[in-house]
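Enquirer: My questions all concern the structure below.
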Amino acid sequence: MAQLDDEEGVAVAPGHPPANGYLLVPGGEPPGKLSAEPQNGLKAGCLTLNGVSRDSLAAAAQPLGRPQTPLAPEEETQTRLLPTGPGEETPGAEGSRVPQTALSARRFVVLLIFSLYSLVNAFQWIQYSIISNVFEGFYGVSSLHIDWLSMVYMLAYVPLIFPATWLLDTRGLRLTALLGSGLNCLGAWIKCASVQQHLFWVTMLGQCLCSVAQVFILGLPSRIASVWFGPKEVSTACATAVLGNQLGTAVGFLLPPVLVPNTQNDTDLLACNISTMFYGTSSIATFLCLLTVIAFKEKPQYPPSQAQAVLQKSPCAEYSYKKSIRNLFKNIPFVLLLITYGIITGAFYSVSTLLNQMILTYYKGEEINAGRIGLTLVVAGMVGSILCGLWLDHTKTYKQTTLIVYILSFLGMVVFTFTLDLGYIIVVFVTGGVLGFFMTGYLPLGFEFAVEITYPESEGTSSGLLNASAQIFGILFTLAQGKLTSDYGPKAGNIFLCIWMFLGIILTALIKSDLKRHNINLGITNGDIKAVPVEDSPTDQESKTMMISKQSESAI
């Protein structure tokens with residue numbers, strides 16, 4: 001088979017056994033009879049395909065040159081996957097093929113494009129809040145009005161997440177990406193028409209469109225990682241996709257105070273500076289939208305992992321979005337993760353939105369340093385995200401890593417709270433960096449942990465629900481912390497967040513870790529894992545449903 005231009009694979013000469021794919025061997029075959037086959041791959045697990053007959057298994061063995069061995073009744077539906085190579089398909093039940101796996105070079109292009117337009121969207125989220133006093137003076141509105149320019153992102157997400165995840169699951173990755181990038185571009189251009197003091201409603205309209213675009217962005221990192229990247233790089237890929245959004249927040253903390261300094265005594269200059277920021281943002285958003293149209297593809301030609309191969313093998317007609325949602329809410333570990341993820345991410349949203357107000361309470365005239373502290377918080381979190389992603393790819397210790405990072409985030413929040421008013425702004429830089437390293441470093445952990453404990457449910461649905469939880473907690477925390485900060489000072493608002501984060505630690509400790517996707521990739525079987533079928537007749541379900549055989553792990 002010739003090697004494809006965009007695939008990383010090895011061509012196999014006709015008449016030679018593949019070096020690395022998956023050969024089907026009857027489940028009862030003793031390990032000693034497999035010496036003729038390569039044995040440098042995964043531990044053996046048993047895939048049970050309902051409706052497979054003894055004759056079909058014998059037929060699958062014939063092309064491999066093996067004698068047809070009678071099978072015991074309980075072995076008739078069992079086949080063992082042996083590693084052979086990325087460039088080969090192998091015979092399966094009744095002439096079907098086990099899909100080959102290969103890594104596409106295009107995966108890096110897809111990841112880069114997504115990360116960049118996610119960056120621009122996150123920049124537009126925070127660009128008002130970090131210089132809230134400037135926009136209050138320009139538009140003549142209260143601080144609550146400016147806070148809503150940030151909170152509208154959270155408010156729009158909650159009602160729109162269900163149609164957005166339905167669209168992702170039924171219409172695919174590319175259409176969802178095009179909507180996210182396109183709406184982000186449109187919202188940026190509408191803001192360009194709002195640079196007059198009486199047009200606050202126009203800038204709110206543009207921000208509302210950007211917030212709708214966010215709904216089609218935040219749920220994609222884990223989906224892109226699973227669809228395009230192999231099992232040894234999937235967590236790092238997810239962390240990198242999340243990193244784009246974090247980098248946008250960092251740039252949003254850094255650039256607005258520089259591009260739009262506080263020149264309230266010169267309204268024309270202030271309007272010119274705001275216009276420069278808006279037009280620059282819209283130009284970049286337009287370029288990235290065009291790149292998305294040209295280069296962003298739905299999926300690679302071949303699945304990158306066996307877990308993806310299993311999901312892509314299932315017919316689309318079997319998928320039920322409503323049943324998938326029901327299954328997720330019946331999954332107790334996922335529900336606990338939903339709450340804990342919402343708490344820590346909502347706390348991050350609240351701190352980011354109110355950071356300018358907290359800093360200026362104790363350090364007057366330090367708008368630029370407030371932006372730099374926000375930058376420090378997010379850049380440290382980006383480093384944390386990448387390190388956590390690499391660690392997960394190496395160890396797969398999802399529960400332990402999530403709990404430790406949660407505890408350290410809580411401790412960082414406590415230290416930040418009680419050192420904010422010491423009068424030394426360099427201390428705030430250090431404590432903000434520590435807080436950001438763990439708090440924003442947690443974001444990809446939550447995505448990947450959710451995918452593991454909910455497999456084979458859609459990654460877009462699970463991460464979408466996580467983000468919806470984060471937006472709900474973010475709105476509640478921002479309103480509550482803002483009120484406490486106004487009435488009693490920043491310390492009271494931060495203590496409020498510390499209490500909630502401590503509750504999150506307790507709930508995280510209760511989450512049961514069952515790494516279903518990881519076990520599929522290893523061939524380990526520890527329970528039934530089913531796709532989500534619609535209501536079919538028993539005969540149809542017997543022929544369609546794929547499950548994992550409840551057998552002990554065996555070594556090849």
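Note that Cβ sites are derived from N, Cα and C of the backbone, with glycine treated the same way.
The following feature annotations were taken from TrEMBL:
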{"type": "REGION", "residues": "1-40", "note": "region 'Disordered'"}
{"type": "REGION", "residues": "63-98", "note": "region 'Disordered'"}
{"type": "COMPBIAS", "residues": "83-95", "note": "compositional bias 'Low complexity'"}
{"type": "TRANSMEM", "residues": "108-128", "note": "transmembrane segment"}
{"type": "DOMAIN", "residues": "110-516", "note": "domain 'Major facilitator superfamily (MFS) profile'"}
{"type": "TRANSMEM", "residues": "148-168", "note": "transmembrane segment"}
{"type": "TRANSMEM", "residues": "199-222", "note": "transmembrane segment"}
{"type": "TRANSMEM", "residues": "276-296", "note": "transmembrane segment"}
{"type": "TRANSMEM", "residues": "332-351", "note": "transmembrane segment"}
{"type": "TRANSMEM", "residues": "371-391", "note": "transmembrane segment"}
{"type": "TRANSMEM", "residues": "403-420", "note": "transmembrane segment"}
{"type": "TRANSMEM", "residues": "426-451", "note": "transmembrane segment"}
{"type": "TRANSMEM", "residues": "463-480", "note": "transmembrane segment"}
{"type": "TRANSMEM", "residues": "492-511", "note": "transmembrane segment"}
{"type": "REGION", "residues": "533-556", "note": "region 'Disordered'"}
{"type": "COMPBIAS", "residues": "544-556", "note": "compositional bias 'Polar residues'"}
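Any idea what these are sitting next to in the structure?
Expert: Remote same-chain partners of the transmembrane segment (108-128), defined as residues 6 or more beyond its termini with a Cβ less than 8 Å from a stretch Cβ, comprise 135, 146, 149-150, 153, 177, 180-181, 184, 187-188, 191, 207, 210-211, 213-214, 217, 220-221, 224, 228, 237, 240-241, 243-249, 251-253, 255-256, 277, 281, 284-285, 288-289, 291-292, 295-297, 352-353, 374.
On the 0 to 100 pLDDT scale, the domain 'Major facilitator superfamily (MFS) profile' (110-516) averages 86 in this prediction.
If you look at the transmembrane segment (199-222), the same-chain residues 6 or more away from its ends with a CB under 8 A from one of its CBs are 114, 117-118, 121, 124-125, 128, 139-141, 145, 148-149, 152-153, 155-157, 160-161, 164-165, 167-168, 173, 176-177, 179-184, 186-191, 193, 238, 241-242, 245, 444, 447-448, 450-451, 459-464, 467.
Packing against the transmembrane segment (276-296) from elsewhere in the chain are residues 106, 109-110, 113-114, 116-117, 120, 123-124, 127, 174, 177-178, 181-182, 184-185, 188-189, 191-192, 194-195, 255-256, 259-260: each is 6 or more residues past its ends and has a CB under 8 Å from a CB in it.
Long-range Cβ contacts of the transmembrane segment (332-351) within its own chain (Cβ-Cβ under 8 Å, at least 6 residues beyond either end) map to 150, 154, 358, 377, 406, 409, 413, 435, 439-440, 442-443, 446, 449-450, 453-454, 462, 465-467, 469-478, 481, 494, 497, 500-501, 503-504, 507-508, 510-514.
Under 8 Å from some Cβ of the transmembrane segment (371-391) lie the Cβ atoms of residues 126, 130-131, 235-240, 242-243, 246-247, 249-258, 351-352, 355-356, 359, 397, 401, 405, 425, 428-429, 432-445, 448, all in the same chain and six or more residues away from its ends.
Tertiary proximity for the transmembrane segment (403-420) is limited to same-chain residues at least six positions away from its ends with a CB under 8 Å from its CB atoms, namely 340, 344, 347, 358, 362, 384, 388, 427-428, 431-432, 434-435, 437-439, 441-442, 445, 490-491, 494-495, 497-498, 501-502, 504-505, 508-509.
Sequence-remote contacts of a segment are chain residues at least 6 beyond its ends whose Cβ falls under 8 Å from one of its Cβ atoms, and for the transmembrane segment (426-451) they are 221-222, 225-226, 234-235, 238-239, 241-243, 246, 334, 337, 340-341, 344-345, 347-348, 351, 359, 363, 372-374, 376-385, 387-389, 392, 398-399, 401-402, 405-406, 408-409, 412-413, 415-416, 419-420, 459, 462-463, 466, 517.
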Enquirer: Would you mind listing the long-range same-chain contacts of the transmembrane segment (463-480), meaning Cβ under 8 Å and 6+ residues beyond its ends?
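Expert: Beyond its ends, the transmembrane segment (463-480) has Cβ neighbours at 147, 150-151, 153-155, 157-158, 161-162, 164-165, 168, 218-223, 328, 337-339, 341-343, 345-347, 349-350, 353-354, 446-447, 450-451, 493, 496-497, 500.
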